[in-house]
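If you look up Swiss-Prot, you'll see 114-195 marked as disulfide bond. The annotation N-linked glycosylation site is assigned in Swiss-Prot to 4, 18, 102 on the grounds of sequence analysis. If you look up Swiss-Prot, you'll see 1-38, 98-115, 185-211, 300-305 marked as topological domain 'Extracellular'. Residues or ranges marked as topological domain 'Cytoplasmic' in Swiss-Prot: 59-77, 138-164, 232-280. The transmembrane segment annotation in Swiss-Prot covers 39-58, 78-97, 116-137, 165-184, 212-231, 281-299, 306-325, and the record cites sequence analysis as its basis.
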């Protein structure tokens with residue numbers, strides 16, 4: 001939340017005993033009109049994303065039950081199921097937390113939930129990003145090395161398991177760095193409480209390194225992998241078509257154009273496009289703040305809220321994309 005980040009950055013003193021910070025500025029964050037609009041949009045997207053992702057899971061389950069007994073789901077549908085679960089997890093954790101936090105402005109839930117919910121928030125953001133990587137890698141291997149993929153039946157299970165495990169592990173530091181701080185004006189009890197990372201890093205570069213690590217894992221690395229995988233798929237298809245269009249038998253069909261594989265290629269490209277459109281504004285704002293914290297005072301509050309809301313569109317778009325292309 002932008003106003004909380006500003007509050008944390010503005011203070012330069014903390015007590016090692018009780019994390020109490022003297023209130024040197026009379027202005028505390030409040031719920032403004034633009035904040036109310038952000039909350040309204042957040043809960044609308046929450047309902048939309050929950051409905052879309054839950055509907056796709058139900059549809060996938062019904063489709064599975066109609067299949068012949070003993071016949072397993074295709075690799076792609078198994079991966080889509082994991083991505084849907086990850087998106088639903090992000091929807092159920094991140095959006096309500098953001099909406100309620102913007103309503104209350106300060107943190108009332110205590111230090112335990114401060115740590116746990118901060119951990120769950122980052123975990124639920126890692127999971128869909130890593131699942132996007134798994135889908136991109138799987139589609140790339142399916143086109144460039146189809147025989148190798150078919151012979152390694154456990155590869156898909158290993159990649160999805162690794163994605164979940166990395167999400168759990170990489171979010172771990174949140175349990176340590178997030179803590180409660182209390183602002184006081186010197187006249188009595190604390191007048192404002194917040195859940196932040198204030199005084200959690202011994203040196204400034206420790207925090208910079210951690211922020212860059214999370215930024216890389218959530219955005220840069222997944223984006224690069226998706227771009228490389230899509231480029232390899234397009235290059236492989238183009239090369240085979242140029243050699244002999246009749247040799248392009250990627251769907252195990254002898255005479256037909258591989259429509260299923262081309263459809264999954266379009267779907268992975270659509271995933272990547274949605275990922276870039278939804279997350280780029282969010283991370284551009286975050287990087288700008290890292291290098292220039294005062295930018296929050298120069299950029300209007302409605303613009304800040306607008307950029308942050310872009311990230312909530314991704315779990316809404318994904319079920320529309322794979323619902324359109326896969327079923």
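Just so you know, glycine gets a Cβ as well, placed from its N, Cα and C.
For the transmembrane segment (306-325), the partner stretch with the highest count of Cβ pairs under 8 angstroms, out of 78-97, 116-137, 212-231, is 78-97. Listed by sequence, the residues of this chain that lie at least six past the ends of the transmembrane segment (116-137) yet keep a Cβ under 8 A from its Cβ atoms are 76, 79-80, 82-83, 86-87, 89-90, 92-94, 97, 109, 156, 159-160, 163-164, 166-168, 170-172, 174-175, 178, 195, 214, 217-219, 221-222, 225-226, 229-230, 268, 271-272, 275, 314-315, 318. Residue counts of the topological domain 'Extracellular' (300-305) by helix, strand and coil are 5 helix, 0 strand, 1 coil (DSSP-based). Long-range contacts of the topological domain 'Extracellular' (98-115) within its own chain (CB-CB distance under 8 A, at least 6 residues past either end) are made by residues 1, 3-4, 28-31, 35, 38-39, 42-43, 46, 174-176, 178-180, 192-195, 312. Averaged over the topological domain 'Cytoplasmic' (138-164), the predicted model reaches a pLDDT of 80.
Secondary structure at residue 114 (disulfide bond), as computed by DSSP, is helix.
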